[in-house]
Amino acid sequence: MSSAARTALSVNLNKVALVRNTRHLGIPSVTRAATLCLRAGAQGITVHPRPDERHIRAHDVRELHELLKAWPRAEFNIEGNPFHNLMDFVRELRPHQCTLVPDSEGQFTSDHGWDMQANATRLNPIIEEARALGVRVSLFMDPVAAAMPLVRDAGADRIELYTEPYAKAFGTPAQAEVLRSYAQAAQAALDCGLGVNAGHDLNQANLTEFLMAVPGVSEVSIGHAFISEALEQGYEATTQAYLASIDGAFAPS
Ligand SMILES: CC(=O)[C@@H](O)[C@H](O)COP(=O)(O)O
Ligand SMILES: NCC(=O)COP(=O)(O)O
């Protein structure tokens, strides 16, 4: 195993809640999904409580916060737009990490990072408030190296690289060039003293090559593919498969 710090797996449970919400029966259970993934070795849980509550609802966030008290080594990451409902959860629950995402209220899914030229000034007090509450702050970002000093100057602790463009390029001739942009953005973030997270459309097929190419990834948050695969393999086997994919990136070459 290389000396590089191992990337943590944070399982995003949005899609468990999405299925749960289609009946008034409370199943599949979000908290049971979290328990099974944590038992299998996942290092964290992520949720994105969108304002329209299409999937994760406020009670899910509170129930997961309570559940995670029994898992002191696991982290709770709450994602959202800080100018919508995210800060209410940050102030009430003080999760280990909040990830600020520039989504509109009705957006189909997250599909871009912050424009720091346009938003750094209004983000700074939000970031300072969350950090004063003891919450690590990560900004959802496109892989643009030149933006990383602006993230640092805004006071954030980490970035989360938005990885859908990589997922789309995976397995195509464009993969190597796209990966270079992620590696350069990650290195620029590290050079600014920022931590590096990554997420969106990562899966068992594309994760290892991403982590082998992109330096210093502290955490990957994975949901849609993970839950899709868990429907077939189960939570335990799926968690173990992702942990093995992460280990594969750090195995001696
Ligand atoms: C920010 C991001 O890329 C994802 O974490 C996001 O949570 C996906 O949201 P949906 O699950 O609503 O597509
Ligand atoms: N921040 C990314 C995340 O939490 C899950 O994204 P996805 O795997 O559902 O695309």
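Backbone N, Cα and C define each Cβ position, glycine as well.
When the candidates THR7, THR99, THR109 are compared with the 1-deoxy-D-xylulose 5-phosphate site entry in TrEMBL, which names ARG50, HIS55, the shared residue is THR109.
Checking the recorded positions ASN12, THR109, HIS200, ASP201, GLY223, HIS224 against ligand 2 with a 6 Å cutoff on the Cβ atom leaves ASN12, HIS200, ASP201, GLY223, HIS224, in sequence order. Rounded to the nearest whole angstrom, the C-alpha distance between THR109 (1-deoxy-D-xylulose 5-phosphate binding site) and HIS200 (active site, proton donor) is 10.
For GLU79 (active site, proton acceptor), the same-chain residues that are 6 or more apart in sequence and have a Cβ closer than 8 Å to its Cβ are THR46, VAL47, HIS48, LEU86, CYS98, THR99, LEU100, VAL101, PHE140, SER221. The recorded positions near ligand 1, defined by a Cβ under 6 Å from one of its atoms, are GLU79, chosen from ARG23, GLU79, GLU160, ASP201. In this record, 3-amino-2-oxopropyl phosphate is bound by ASN12, ARG23, ASP201, GLY223, HIS224; the longest C-alpha to C-alpha distance in that set is 26 Å. Between the binding-site residues ASN12, THR109, the minimum number of other C-beta atoms within 10 Å of a residue's C-beta occurs at THR109.
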